[in-house]
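Step one of this worksheet: look at the structure below.
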Amino acid sequence: MTVRIAINGFGRIGRNVVRALYESGRRAEITVVAINELADAAGMAHLLKYDTSHGRFAWEVRHEREQLFVGDDVIRILHERTLADLPWRELGVDVVLDCTGVYGNQEHGEAHIAAGAKKVLFSHPGSNDLDATVVFGVNQNQLRAEHRIVSNASCTTNCIIPVIKLLDDAYGIESGTVTAIHSAMNDQQVIDAYHSDLRRTRAASQSIIPVDTKLAAGITRIFPQFNDRFEAIAVRVPTINVTAIDLSVTVKKPVKASEVNQLLQKAAQGAFHGIVDYTESPLVSIDFNHDPHSAIVDGTQTRVSGAHLIKTLVWCDNEWGFANRMLDTTLAMAAVDFRLDASASTKL
């Protein structure tokens, strides 16, 4: 059975979801029936075909009136501003992937369902009243049929949660701090211009810019036992893609850096294959562009101080890895209702 999805919002994540679907060979499992985007069809087709970060799309892309053609597939284009007016019932939509970054609470999800969708997956953390928040590879098995409105968390949460779980299971985490070194985003300015956050009034290409982050809250949403035991900060750097996360944790059991690396490498080759990767190559951020993993542990940067303080550096393609997890979570949500096999949904 094929899951019929619609995408609401065809920005960075929405377009990468479509690209990831075609590149990963999952079109027998998922089909895109519609995309709702306020921009015109010509712009949608052009930005799907040509991408500064990820290169030229291998599939033929064209548009005719309000239809987008990807290879031989036809996707209906919509330009609805009001969720209630979306024709999800008419189109037989199983799961809406809301990638606007604007909508994200239970009321918004209910609006999609009232329009005829069976389930909704938000591409950001959303509000605390959602039915579930999923970090694929860690807690997707907790999904139930009654979880209709779900968050896929954030790219940085998907990056760091698997590593935190591995370290906690092995050594017992007492507390931790996280620094997200994040590529620039479209809420920043090309040149100095007004913004409610005065730091984000400054040109993104010229400065390292501290920004607010809810990453610590994202960690405790998945692992409530860490409430008040993690803190996080974030800076934006003048690159257009790929993020590094500096994770420091104090642990109960004494450990050596070599043992930490052995643990993480084994997980990447085993239980977390396809979600976590491990490298000791002398790589830089651009080398992780278009990497489908949620997290890539840089073993050359692992440090242990006093046997109980662990520092790790974890990379992720904050667009491509997250887009692949959107597809994984979509299949996991569908599997609950439609008894699809989502166990092998992660394909590299």
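Glycine is treated like the rest: Cβ placed from N, Cα and C.
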Same substrate site per Swiss-Prot - residue from Arg89, Arg229, Arg236 joining Ser154, Cys155, Thr156, Arg200, Thr213, Lys214: Arg236
Lowest local Cβ density (other Cβ within 10 Å) among binding-site residues: Thr213, Asn318: Thr213
Which of Ser154, Thr156, all binding-site residues, has a Cβ with the fewest other Cβ atoms inside 10 Å: Ser154
Protein Cβ atoms within 10 Å of His182 (site 'Activates thiol group during catalysis'), excluding its own: 23
Arg12, Arg81, Lys214 as binding-site residues, winner by CB count within 10 A: Arg12
Whole-number Å value of the largest CA-CA distance among Ser154, Cys155, Thr156, Arg200, Thr213, Lys214, Arg236, listed as substrate-binding: 20
Integer Cα-Cα distance in angstrom, His182 (site 'Activates thiol group during catalysis') to Thr213 (substrate binding site): 11
